Every structure is written in C-alpha cells, then in structure tokens.
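S.K.: Structure in structure tokens, see below.
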Amino acid sequence: MTPRRETGDAPSGTGAEEAPPRDPEEQARALCLRLLTGQPRTRGQLADAMRRRGIPDEVAERVLARFEDVGLIDDAAFADAWVESRHHGRGLARRALARELRTRGVETAVIERAVEQLDPEREEQTARALVDRKLRATRGLDRDRRIRRLAGMLARKGYPEGVALRVVRRALEEEGEDPEFLQGCLPE
C-alpha cells in the first residue's frame, strides 16, 4: 500500500508541474513571463492573452504597468525591431508594417515613430531589389502580365501604387523594354 500524499505535494521525481497559481495577480505574472520567454510581445498582446484567460482587467493593468516599469514590456523597442526586421527580411513597406503592428496592439503614435525609420529612398531601394529578384522569373511572360505580376507583388508588400509602378517601369526600361510603350501604360 502506498502512503497518501499531503494535499499540494508533488510526486517526487516525476517532473510533475506545479499547480497553476490561484491568485489572479500571480496567474497574470506567470502568464506574461511564460509568453515573454518565447519571444518579445506587445502590451496589447499580453492584455489580450490575460483577457482570454479571464484575468480581471484591473489586475492585468497592474501587472502590465509593473512589467513596463521594469522594462520587460517596451512597445517602442518592439516596434523598432519589428520594422527593421520585417523590412530587411521580407521587404515590407511602411504601410504593411504599420498594419502588422496595429494588429499586435501597438499604439498609433508608437507605430508612426517606428515606421519613420524608413525614409522613402530606402523604401524605393528595397522595392527595386524585390523587383530585380522577381524579374528573372517573369522573363517568358508578355509585358502586361509582367507589369501586373511585379506591381502586384509590391502592392501586397504595402508599397504605394506610384512607387510600385515607377520601380517596375525603370526596371523594365533597364532590361530593354520599349520606353515609349512603358510611358503609355506606366506613370513616371
């Protein structure tokens, strides 16, 4: 016969996890720490996670404020890193980056400061690099189809129509397309 354990004792040597904390503030802290361990999160993402777990709003607010005070949550740093990473890695434009940050609960003023890092010249250079990579794959297609594919790719990455068409026009001209034809269908 095995001896009975005291309530709350974990079996020794089994690696069993501790029971979740009962105090809502403890639950909120534990949840935030667990989520922040995997990757940086925004204040909005953590607030949403606590809301889904049924943690009272006033408790969530206290925990989030404390985490901000000690530097565990920093939406401005998150937004800056996000913009740099996603622009460099995926070629996303300011509009797409702002949309992504908004869905992660970052405040509008913080988003605006973060996307201001990308000046129009750098954004256009990135658009050109994206078009240059895609040009090779469109060589066998007719002109109209190439233009639609290249401009569509840039539009999906958040580039304004004027920038997209200007970059596509220049790239096709440099590749030897007839500038007069392109002038008729693409703005300068």
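Just so it is clear, glycine is given a Cβ too, placed from its N, Cα and C backbone atoms.
So TrEMBL lists these for the protein:
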| type | residues | note |
| --- | --- | --- |
| DOMAIN | 28-66 | domain 'RecX first three-helical' |
| DOMAIN | 74-114 | domain 'RecX second three-helical' |
| DOMAIN | 123-167 | domain 'RecX third three-helical' |
| REGION | 1-27 | region 'Disordered' |
S.K.: Within the same chain, where does the domain 'RecX second three-helical' (74-114) have neighbours whose Cβ lies under 8 angstroms from its own Cβ atoms, ignoring anything closer than 6 residues to its ends? I mean 6 or more beyond.
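M.R.: Non-local partners: 40-45, 47-48, 68, 123, 126-127, 129-130, 154, 157-160, 163.
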S.K.: Six or more residues out from either end of the domain 'RecX first three-helical' (28-66), which same-chain residues have a Cβ under 8 Å from its Cβ atoms?
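M.R.: Result: 20-21, 72-73, 75, 77-78, 81, 104-106.
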S.K.: Which whole-number mean pLDDT does the model give the domain 'RecX third three-helical' (123-167)?
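M.R.: Mean pLDDT across the domain 'RecX third three-helical' (123-167) comes out at 92.
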